[in-house]
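Below: one structure, written as structure tokens.
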Amino acid sequence: MYENLLPRFLRYVKTETRSDATSTTTPSTQTQVAFAQTLKKELEELGMSDVIYNETNGFVIATLPSNVEKDVRSIGFIAHMDTADFNAVNVSPQIVENYDGESTIPLDKEGKFTLNTKDFPNLKNYRGETLITTDGTTLLGADDKSGIAEIMTAMEYLINHPEIKHGTIRVAFGPDEEIGVGADKFDVAQFNVDFAYTMDGGPVGELQFETFNAAQAEITIQGKNVHPGTAKNTMINALQLGIDFHNALPADEVPEKTAGEEGFYHLAAFAGTPEEATMTYIIRDHNREIFEARKAKIKEIQQTLNAPFDEERIKVDLFDQYYNMREVIEKDMSIVEIAKQAMEELSIQPIIEPVRGGTDGSKISYLGIPTPNIFAGGENMHGRFEFVSLQAMEKATNVIIKIAELNAK
């Protein structure tokens, strides 16, 4: 249906654009800067207007002007350029046409890694479809290059089909979503839309307007290391204090034991020696009150464990990352209803459920543009088992076009 969609997607995923959490630049990697320039050129060649690369925040933005005389709300469509922290060098996508919904798909030549319905029962949903997989050595990058390809293809289609009426549409492709800072510098005034959607969801039908509230705790523990043979009543083992800290948290409130709207504490890093140790926690909850209570629990444990000492052995740097965008979006649910209607008119069953994570839309919503999240089609993201269906990407492209059309009525 969209002859350029698959070639466009394959071209994008072969471009390495991982973000780097240790970087102090925006974008965090030069590969993203180069990719942004490539996308800027492509947008210009499509015939989009006001194409800009913002060097301050790393976003490429462009405008498709309205082709209706009446005033209608302006819409934004957003996707991110970076991929997750997994090998993304020399991505070599494989194409499996007319998948039968049952067979095992070998990824690497040795057959060490496979996509099979035992481990990935979601494969059964793709009978008769064209799957794009990895070769087992890298991720694919459908998160979120499928979103970029879908937005780009939808804009191309609308430009080539002026009979489809729409208001002003703006698109934005940004950096560093995977490391949680992509939208920190997003320029709401420059983007200038009434509402937007991130095309960054998973399987067909996903429509999300509720995310976690998110915080991070960086913990530094100062021990006192002496020879173990003479350590009694003298040694303060920073590693043991770290273990004590972790054990003071609720044992069942961790990612591997929670689902749905249950929040958690996640020990993301723990390193050190008896002399000094560091820990990183991410704290997540959909409920704002429980979220605040979780942060308070971290501080309470710090105070309890510091109490026996004559100095502060445990220091906590606790900071918020993003908030549940539902608090913003529920003030005007019409933007969710438009997306829902678009899917239903395309015979797509909307799957409306909270995101157990965040999106760029989480921050952009609080910056002033309500921004729900729509499926982009990918499955098993962030690793070698990632795949996407061509038909899923076509459906996402259809949804973008249908939203634009419905908004203009």
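Counting starts with 1 at the first residue shown.
Each residue, glycine too, has its Cβ placed from N, Cα and C.
Of the listed candidates (ASP187, ASP194, ASP200), Swiss-Prot assigns ASP200 to the same Zn(2+) 1 site as HIS80, ASP143. If you take the Cα of ASP143 (Zn(2+) 1 binding site) and the Cα of HIS382 (Zn(2+) 2 binding site), they are about 8 angstrom apart, rounded to a whole number. Within the same chain, residues at least 6 positions away in sequence whose Cβ sits under 8 Å from that of HIS80 (Zn(2+) 1 binding site) are ASP144, GLY147, PHE173, GLY174, PRO175, ASP176, GLU177, GLU178, GLY182, THR198, ASP200, ASP360. The Zn(2+) 2 site, placed at the center of the C-beta atoms of ASP143, GLU178, HIS382, has further neighbours from the same chain whose C-beta lies within 8 angstroms: THR83, ALA84, PHE86, LEU139, ASP144, MET381.
The two recorded residues HIS382 (Zn(2+) 2 binding site) and ASP82 (active site) have their Cα atoms spaced 11 Å from each other.
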